[in-house]
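Noted in Swiss-Prot for the protein shown:
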DOMAIN    28-100  domain 'KRAB'
ZN_FING   162-184  zinc finger
ZN_FING   218-240  zinc finger
ZN_FING   274-296  zinc finger
ZN_FING   302-324  zinc finger
ZN_FING   330-352  zinc finger
ZN_FING   358-380  zinc finger
ZN_FING   386-408  zinc finger
ZN_FING   442-464  zinc finger
ZN_FING   470-492  zinc finger
ZN_FING   498-520  zinc finger
ZN_FING   526-548  zinc finger
ZN_FING   554-576  zinc finger
């Protein structure tokens with residue numbers, strides 16, 4: 001079908017003479033054996049014919065290089081084929097010269113010294129390149145080969161007689177104009193028989209159909225990931241090599257793809273050209289708009305064969321399947337941690353580099369990802385575009401709505417193999433598993449405290465800086481995190497949509513309900529290795545462990561008093577502030593903390609949901625029940641370091657320690 005150039009065919013096809021130099025007297029070039037296609041012609045080739053074309057063209061080029069050496073310049077079509085791009089833009093459609101006189105009219109030769117006719121092909125070509133013999137008469141630009149000049153000359157001579165009446169853009173062919181006009185009309189005449197999706201051109205349909213057939217001929221040698229296009233694998237391999245040739249002139253950030261740079265630049269310009277027709281929300285990326293649109297339709301066409309879970313996008317299914325296979329192709333060279341997706345891997349690397357290029361203009365908080373900045377900004381605007389159809393509750397992001405919807409279905413497909421606890425999201429399971437491994441990669445430089453999650457470290461660091469950027473507009477109270485502010489706002493509205501089916505107690509957050517329900521089940525999976533005491537919650541275990549170490553990392557800047565918990569420090573600081581923003585509606589008594597108010601309100605309601613299983617005594621607080629149970633168990637966890645005496649309560653130990661201090665005095 002296509003001519004393959006044999007090595008012995010390479011040679012001089014015309015003798016060289018400086019005085020009577022005729023047009024294109026040079027070596028047999030790649031152009032002599034190349035076959036060119038227009039875009040329209042290319043669409044009629046089936047995939048096997050296209051693969052054959054690529055193989056033949058690349059082999060021809062390799063044969064030329066093997067004889068001509070490195071001095072042979074890479075033709076444009078070869079560069080395109082190697083990068084997985086389609087070759088319809090090559091010379092044939094644009095300038096198909098058949099008359100030598102026409103070719104000579106656009107070429108002006110520069111006088112060069114005389115060479116013998118038996119000069120070697122390599123020497124002759126290197127002379128051509130060094131001397132740049134071909135000059136454009138239009139702009140005087142010089143080129144080392146006639147082919148390069150002809151390719152350049154197309155920009156001067158190509159006619160574009162077909163004009164779009166909508167926008168004035170010109171095209172070389174009526175076919176190109178027809179394709180372009182479909183952007184204005186929205187016409188998509190090519191339909192996929194598999195899924196019914198429509199496309200503007202046959203080429204787009206052919207590309208789309210590969211997603212149904214699963215055809216992926218280009219495989220990454222590093223991680224085994226396969227791609228439909230060679231250009232995609234070139235972009236992907238930069239993840240492994242770290243190559244980032246595209247740099248932003250605004251902030252200096254570099255990218256592996258030019259398209260990523262263009263999208264990134266919208267962060268600086270604020271451009272969001274893609275608008276949702278349903279809710280009016282705008283996006284900087286078309287892919288984000290498409291993903292967002294599926295929240296309105298609730299369409300999930302991609303289904304996991306292992307567990308039946310459905311996804312909106314094909315790549316989400318691919319990533320999900322790694323949960324079943326355990327595959328983590330992206331490994332951090334700094335700490336050895338593996339990731340299922342490149343995006344998580346790149347995000348993790350910023351932890352080591354400390355890069356947070358995205359800053360909120362309202363509160364100056366910085367973020368590693370732009371999408372995290374946009375989500376955060378909703379805290380200031382209060383915008384909530386995603387509504388639950390079950391209960392009408394709204395959320396700032398689609399992912400939060402997705403998480404919330406599982407509270408109605410009760411779906412928890414991800415189970416911990418260590419303790420059997422189940423989770424609604426795979427990310428929650430991964431976080432939970434760190435409790436069993438005890439891994440704490442993230443250390444606070446101020447107090448050396450370590451954390452299993454990076455976000456917990458960043459929250460903790462606000463204790464040292466004292467930053468409280470999120471202020472309640474009702475009472476003026478400030479918080480170090482937006483989530484704490486959202487929780488606090490519910491104290492003013494009194495909203496408690498989550499109800500315990502066991503005792504009827506209601507909660508403002510679903511997480512609080514989950515914590516509360518563990519009291520009824522009696523499960524205490526977290527055990528102290530020092531005294532074997534067990535706890536319902538991991539945070540209670542960590543708090544308890546500070547009793548053994550006597551660690552109190554949280555210090556009041558006013559009086560120097562130290563505390564085991566940041567919440568205790570916050571409660572203490574209200575003593576210095578002398579503010580009591582929380583008032584009881586029954587009797588008017590005011591309190592410094594919301595927790596004190598809720599405790600007080602039980603006096604009026606008489607609610608005592610926590611009952612002792614031994615004697616039936618009821619308590620208004622779970623902590624009071626725990627203290628009471630020590631009477632039955634005989635447990636005395638508080639030990640005096642001076643004399644070894646043990647106590648049931650921390651307050652009793654403190655009172656006892658005063659005896660030793662008074663004796664010393």
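Positions of Cβ are set from backbone N, Cα and C atoms, glycine also.
Within the model, the zinc finger (218-240) shows a mean pLDDT value of 78, rounded to a whole number. Each residue in the zinc finger (554-576) gets a DSSP state, and the totals come to 11 helix, 4 strand, 8 coil. Only sequence-distant pairs (6 or more apart) were considered; of these, at least three Cβ pairs between the zinc finger (218-240) and the zinc finger (330-352) are under 8 A, so the stretches are in contact. Note: the zinc finger (470-492) comprises 11 helix, 4 strand, 8 coil (DSSP; helix = H, G, I, strand = E, B). Listed as Cβ neighbours of the zinc finger (498-520) (distance under 8 Å, sequence separation of 6 or more from its ends, same chain) are residues 404, 407, 487, 490-491, 536-537, 607, 609-610, 622.
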